[in-house]
Structure formats: C-alpha cells, structure tokens
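> Just dropping this structure here.
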Amino acid sequence: MLKARASRTIPTQWFVVGEIVIVVGLFLVYKYARLLIAHPDAVAFDNADRVVNAESLLRLPSELHVQDVLLSSDLLVRLANAFYAYVHFPLTGLFLVWLFLRSRHHYLQLRTVLILMTGAALTIHTLFPLAPPRMLSNLGFIDTAAAYGPSVYHAAPQTDSVANQFAAMPSLHFGWAVVVAIGIIRAGRSPRRWLWILHPTVTLLVIVGTGNHYWLDAAVAGALLLVADHAVRRWAPVRRLAHPVVLPYPRLPHPHRGHDVRVATRRRVAPERHAHGAEVERPFSGGDVPSLVASRSPRPHSSSREPAR
C-alpha cells in the first residue's frame, strides 16, 4: 500500500521541472506567435483605430489624461517606467514561490488560472495584433519609456525578436497583477493583505499612463481572469488528503458500568411525512450511531423503588 501510494506521488524535483517547462513553453509561444501573421504592423494599426473608436463609443476617458498626469513630473514618469519594466515578472515569480510554500492548494489553483488566462491571451495576441497607444503619435501619445527611460524595448516593433510589441490586448501586466492580489488575499491571514488591491490599481494606471495599453486591454484581461478562475474552481479535481483526518466524537460510556447512557450528538428530527400523511422512516446516517447505541443499552437496575405519589 505504501509503495503504491509513493508511486502516485510526483517527486518535488519533477514537479518543479514541469512548472519550468510550462513557463518556458508559454514564453516561446509569446515570442514567436507574431511570426504567424503576415505584416502584423499594418493589421495592428488598423486594430488600434478600431479600439480607439470603440472606447469613444463607450465614452471611456482618454488614456491621454493619465499620461498628462505622469508627464507633469519627471520623477513620476521615471518611476512609472521602472515599475512597468522591473516589477511585472519578478513580483509574479516571487508571488508563485511564496504561494507554493504557503498553500499548495491555492498555488495549484492560481497557477492553473495563470496558465489558462495567459494561453487565452496569447491566442488573442496572435489573432488580434494591436499597436499600443505609445505608437499613436498622431493622437498625441508619446512613448514615455523611450523619452525618459528606462525602456524594455531596444528594437523597432517590426524587427524586435525578443518581445511582441503588438501584443497590447489583453494586458497580461494587469491580469497577472490581479492574480497576485487575489492569491495573497486568499492565502494570507493578516488584515493588511487587503492593501494588495493597490497593486493592480497602480499597475492599471502605469500601463495606461506610459502608453503601453488601452483601458479595454485591462477589461479583456479581467474578463479572461474571471472565466479562468470560475473554470478552475468549478471543474478542478478534488485532491485527496495525504493523511486521514480524525474528527472529534463524543466518547460513549460503557453500557454495563451502572449508569444511564443517553447520548445525543444532534437534535432530534421529527419523522418525515409523505404527501398523504403517512410517516416515512428517516434514512440511517452515521450521526445516528450514538442515539442508536443509547436506545439499545440496558438501563441500570435500582435497588429501591421510587416511592408512589
């Protein structure tokens, strides 16, 4: 039995290797997906016009308002650029390590959510290439990273072999930030864990203010996250506990030690009645064991009779 159970347990090193393979595989798909579309730059700018028009119809505020606030301070815009460049991947990686050590259940759940959401996002990146606002100088946007630094892009969008610069919709920066906040709130215990709601909020303002994403990019990412989280929580298999859990149960006195045994672990339920008024015997359950034992235990004999009234 022990050997069979051990054979079904994946060693930790192989589990870690599997996680690395998944992450690297997603990165390779993200890197080379743009090569599947001929002339993605022309398609991406056409889609940008569609998104701008859609936001106008929805009466969403212009991303230029947020960018104007950032441009009011050199320090503020540089901090926003640094946040965009250096917080996204490292913080998500540290979060996954922390969650793995904190709660394996929450880790497996949210890791799967990340995989589903990222896979769906990469599919949309391939089918719907989108030029970000920073490339729309004709509308008044500027590339804050290129103008003030630091920047994560060191090549033109058409020749960049490292990053897909036309992968604006949906925003994985925002989607992953929301997953980090959800994971810490679910697995954490401190009341201060709710402050992590600020992380996706700041991320949203940064990605919009720096001209890397539209409002709709974040909205689509949020929708994908909701669908992925619902799917995982609804259809994920329930894992059995490694060790049995023994629930506390009231100890029954011995029926032959001279005292009455009347144990009730739950309140008595009246017999159910059929639609025509006939009583129906209630099904037997494990909770009835103490009452059943008590009802069949012999009552102790008394040496003196109770005086008549």
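Using the three backbone atoms N, Cα and C, a Cβ is placed for every residue, glycine included.
Here TrEMBL flags 270-282 as compositional bias 'Basic and acidic residues'. Residues or ranges marked as domain 'Inositolphosphotransferase Aur1/Ipt1' in TrEMBL: 51-229. Annotated region 'Disordered' per TrEMBL: 270-309, in sequence order. Annotated transmembrane segment per TrEMBL: 12-30, 83-101, 113-131, 166-185, 192-208, in sequence order.
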> For the transmembrane segment (83-101), give me same-chain residues lying six or more residues beyond its boundaries with a C-beta closer than 8 angstroms to one of its C-beta atoms, as numbers and ranges.
107, 110-111, 145, 150-152, 173, 176-177, 179-180, 183-184, 187, 199, 202-203, 206-207, 210, 212
> Over the span of the domain 'Inositolphosphotransferase Aur1/Ipt1' (51-229), how high is the average pLDDT in this prediction?
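Looking only at the domain 'Inositolphosphotransferase Aur1/Ipt1' (51-229), pLDDT averages out to 92.
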